[in-house]
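The block underneath contains the structure these notes are about, expressed in structure tokens.
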Amino acid sequence: MNEQKFDESVGKLKKSVVLLKDILLAVENKVVDKKSIDELKECFKVIKKNCLLSLSYMLISLATTILNKYIISVLNFSTPFFLVVCQSFIICFLIYLLNILQVFKLRFTNLRKWIIPSSFLCVMIFSGSKSLQYLDISFYTLIKNSSIFIVAIVENVFFNRLINLYEGLSFILMIMASYYNIFSTDINGLLWISINVLSTTIYIVTLRHILTDHRGDLMESIFYPNFFSIFLIGILSLSFESLNSIDLSSKVVLFIIFSSICALLTALTTAQVLISLSSTTYSMLGAMNKILLGFTGFIFVGESINTRKIYSLSIGILSTVLYTYSQTNKKNSI
């Protein structure tokens with residue numbers, strides 16, 4: 001369904017170019033077809049909507065990760081489990097408040113179908129927080145990108161689509177980029193990011209399946225996973241973290257609230273991208289977003305810059321460009 005919607009968007013883009021040429025020719029001949037102008041306007045509306053959605057997803061996701069990294073590393077908030085519980089509680093509270101205000105209607109009858117994606121979202125959130133505790137954002141960026149490619153591979157298997165030469169080369173380059181920086185990385189960070197990549201893949205695939213094939217509700221896709229995480233990750237927090245050492249200064253609380261709002265918006269735009277655009281588009285957006293994230297680590301949280309990191313990021317960028325090129329060729333050949 002997502003691939004069909006993306007094909008329609010590409011078709012409308014090509015059609016808009018042809019219509020624009022016809023309109024320019026008609027203007028020269030002083031004969032303007034009103035129907036053509038209306039069709040062109042409709043095409044540009046779709047393109048504008050998709051571009052704004054894509055840009056929103058990238059910027060909000062970027063802000064969320066930077067805030068989490070800042071809270072954990074700069075503010076020394078040493079209880080990532082408790083941080084996730086706080087964020088999930090705030091997200092559920094905001095959604096339920098909007099439900100009371102009748103901004104939308106939240107149904108409580110579809111609990112069972114959200115168990116699998118909710119469980120893996122909990123694993124993804126916590127492993128992501130632990131990864132940021134051990135890894136630089138730049139290296140986190142490169143490894144995290146592999147989840148984007150794994151999602152594409154899984155979908156290729158399910159839909160019987162072969163991986164072409166350029167895709168294969170992009171995967172190899174991403175592995176090389178990660179390997180080039182691996183020697184300066186904590187083994188605990190590697191373990192947590194590996195768990196994060198696996199859980200991210202399962203979460204995205206199952207969430208997309210529910211939203212598209214089973215017509216899952218958009219706000220339910222945000223509420224239920226965060227509702228589950230309050231209890232699941234709350235148990236882990238009580239079991240493994242010393243809550244007596246929690247620093248809840250006004251500055252920390254303020255940043256937790258900001259990060260929670262960003263996390264809510266990230267979940268919302270993610271679901272919208274999965275519904276409105278293709279999985280390929282989501283993969284490209286995620287890859288580009290992680291590359292931008294790598295550079296923000298140098299700017300916002302004071303990571304050290306060295307030759308090894310610059311080379312690994314450069315190879316990662318090349319991998320992303322190559323993957324994007326391969327997917328563009330696929331769409332153009334349809």
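Along the chain as shown, the residues are counted starting at 1.
Each residue, glycine too, has its Cβ placed from N, Cα and C.
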For the transmembrane segment entry in TrEMBL, name the matching range from 114-131, 132-149. 114-131
Would you kindly check 51-75, 81-102, 114-131, 189-211, 223-240 and say which stretch has the most C-beta pairs under 8 angstroms to the transmembrane segment (252-275)? 51-75
For the transmembrane segment (223-240), name the stretch out of 51-75, 81-102, 114-131 with the most CB-CB pairs under 8 Å. 81-102
